[in-house]
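Report on one structure; see the data block that follows.
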Amino acid sequence: MTLSFFDQFMSPVFLGIPLIALALTLPWILFPTPTSRWLNNRLLALQSWFINRFTQQLLLPLSLGGHKWAILLTSLMLFLISLNMLGLLPYTFTPTTQLSLNMGLAVPLWLATVLIGLRNQPTIALGHLLPEGTPTPLIPVLIIIETISLFIRPLALGVRLTANLTAGHLLIQLIATAAFVLMPLMPTVAILTGTLLFLLTLLEVAVAMIQAYVFVLLLSLYLQENV
């Protein structure tokens, strides 16, 4: 029974073929595409308003050099939100609970921000490793600490997203199993447990959206330091 709780995080396989590629492709099919008409329907208007507001808030602290990342960061935000929200549906698989996928997104994007900083402003980028006014005996230690913290950033991005979604899904399954077991034994407790499960599901919806936003926001902050 303990192992079955973690079966939901296994990548589904059909005829020996992993279906994670299908899970990654599905969100793009669900988004409505703009039409050539002058006036769009309500769904397209709402989608355009959300994208414009998010892009405006995301690029507000960035300089003009960072505005080139607008399409990439906005697309990543919509992609992560879609994967996280679709994973809350029954009989679905959440690819973002896989650390390999999250690290595959975090490491290249983080590395791109670092390389941009080293190319455009190498002195300032290397200056982040040593705060101004540091005493001479502490210089080697601080350089090592700042270098370690720099390389931990992509790991923190991937682990944060994976841990939050995995913990939420596991807690939902645990409470749902408890409610199912308690229903014939203690109906009142089972109803209270079901109410808690409903509230936890609403919380998990918020977590799915917030974690996608935090992932993109931290990337934009890393980009801000290097542009």
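Glycine too: its Cβ is placed from the backbone N, Cα and C atoms.
Unlike curated records, TrEMBL annotations are generated automatically.
Feature annotations, courtesy of TrEMBL:
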- 12-31: transmembrane segment (TRANSMEM)
- 69-89: transmembrane segment (TRANSMEM)
- 101-118: transmembrane segment (TRANSMEM)
- 138-158: transmembrane segment (TRANSMEM)
- 170-192: transmembrane segment (TRANSMEM)
- 198-223: transmembrane segment (TRANSMEM)
Contact call for the transmembrane segment (198-223) and the transmembrane segment (12-31): at least 3 Cβ pairs under 8 Å, seq gap 6+: no
Contacting positions for the transmembrane segment (138-158) when only residues 6+ beyond its ends and CB under 8 Å are counted: 99, 102-103, 105-107, 110-111, 114, 128-131, 215, 218-219, 222
Residues of the parent chain within Cβ reach of the transmembrane segment (69-89), under 8 Å, 6 or more residues beyond its termini: 23-24, 26-28, 30-31, 51, 54-55, 58-59, 62, 95-97, 105, 109, 161, 165, 169, 201, 204-205, 208-209, 211-213, 215-216, 219-220, 223
